[in-house]
Amino acid sequence: MERNLKNVLVISFGFLLLFTAYSGLQSLQSSLNAEEGLGVASLSVLYAALTLSSMFLPPIIIKKLGCKWTIAVSMCCYVAYSLGNFYASWYTLIPTSMILGLGGAPLWSAKCTYLTIAGTLYAEKAGKSAKDIINQYFGIFFLVFQTSGVWGNLISSLILSQSSNQGEISEEDLECCGAYDCLTDTTNSTGSERPSNSLIYTLLGVYTASGVLAVLLVIIFLDQIKSDQAETEKEKTPFWSTFLATLRHLKDKRQCLLIPLTMYSGFEQAFLSGDFSKSFVTCALGIQYVGYMMICFAGINSLCSLLFGKISQFTGRKLLFALAAVLNTSCIITVLLWKPDPKQLAVFFVIPGLWGVSDAVWQTQTNALYGILFEKNKEAAFANYRLWESVGFVIAFAYSTKLQVYIKAYIVLSVLVLSMLTYGAVEYLEAKSSPGTPAATKKENEGPHSQETHM
């Protein structure tokens, strides 16, 4: 096998193994570690650490360790989070959440850098277009990586479905489920009852083993890559340049107007994974159904991401944003009005399914919008994207345990309305500016390699 392709596959399957564990753990945090809101607090700390890490750490770590060892060490940060869940407490989960958050940005940055350099080197050797080879490598990576959400949640559902705590949920217990939940750590005595320790340890053991395998796969099979070009670039651009460029980019009126839309991405994902999964699915059906619900969300999300990426050239982004806003609003209104009932099993999957359709628009079209509007300042623009989306996650997870679900649903709906108004203002400004001359600010200094916030 051609060596470069082998390295791409090693990285792809390493990330698949690592995020199979992480995606499953993230979906379960609000239900598995519900006591005193520990689970969602850990996610809030995690995204706060990721925000800081994105601004400063990647170029420093990659310069010191190189791409291969940055990936391996950062993967160990994820394994630490899995280990912290074995004895979940404020003294274990919060520190390991910080460790994961700090390791997240260098991991994704090193992956991007490695694939870019590998693609460039192969293109030079084969006399092909570097852009085409790099796109091909990233395509292979995401083809493999995107399935991690399905496998991680499938593992959790299959293992937790062995619980002996399953049974009929009384009408009295169901009263505490839904938008008007009772704000207790365990919302009913049947559906939300914590599975036995043996099952939890089995699940965490599988997740930890998956993470360790990812680390070993990278250490043993991934070749070290010469990054002379990357080193030269880093010497020219100090590590704080991305941070300064990010702040300077806020002078652009359109960037400021896009902040609510970018933050909304964090709010809506946090609401589905933190609030809907706990107060609807876990409460009324049991924790073993959370994985199946998230598989429904992730599967439809992936398919629609591919679809919308292709049809956007025919429909235009405005129509897709309108579709997403209507679907998300409908889902939120349904959440507010619907009283979860185990007999209405389909509804528990229809809501995440429709949510997946709208989330696919938020992810693909918002990223594309940033790339189009800020073509000359992509580094600073996407740094802002990562920053404000992470802030949305942090805020949503921070107030998660303090408010009832219906209040949080109204907050998400309010942010959505504000997002659509400010997005409309951006489109208005673009329409006013002459074609081919976007109302962009002066070109900023470009920072180090961009990372993606695939947490």
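Glycine is no exception: its Cβ is also placed from the backbone N, Cα and C atoms.
No curator has checked TrEMBL annotations; they are predicted automatically.
According to TrEMBL, the features are:
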type     : residues : note
COMPBIAS : 441-455  : compositional bias 'Basic and acidic residues'
REGION   : 434-455  : region 'Disordered'
TRANSMEM : 39-57    : transmembrane segment
TRANSMEM : 69-88    : transmembrane segment
TRANSMEM : 94-117   : transmembrane segment
TRANSMEM : 137-160  : transmembrane segment
TRANSMEM : 199-222  : transmembrane segment
TRANSMEM : 286-308  : transmembrane segment
TRANSMEM : 320-338  : transmembrane segment
TRANSMEM : 344-362  : transmembrane segment
TRANSMEM : 383-401  : transmembrane segment
TRANSMEM : 407-426  : transmembrane segment
Practice prompt. Please work out whether the transmembrane segment (39-57) lies in contact with the transmembrane segment (383-401), by counting C-beta pairs under 8 angstroms that are 6 or more apart in sequence and asking whether there are at least 3.
Written response: yes
Discussion item. Quick test of the contact rule: Cβ under 8 Å, at least six residues beyond the ends. What residues does that give for the transmembrane segment (137-160)?
Written reply: 4-5, 8-9, 11-13, 15-16, 18-25, 27-28, 111, 115, 118-119, 195, 199, 202-203, 206-207, 287-292, 294-295, 298-299, 302, 454
Discussion item. Need a quick answer: max count of Cβ pairs under 8 Å to the transmembrane segment (320-338), which of 344-362, 383-401, 407-426 is it?
Written reply: 344-362
Worksheet item: Restricting to the same chain and to residues at least six past its boundaries, which positions have a Cβ under 8 Å from a Cβ of the transmembrane segment (344-362)?
Response: 261, 264-265, 268-269, 272, 276, 280-281, 284-285, 289, 292-294, 296-305, 307-308, 320-321, 323-325, 327-328, 330-331, 334-335, 338
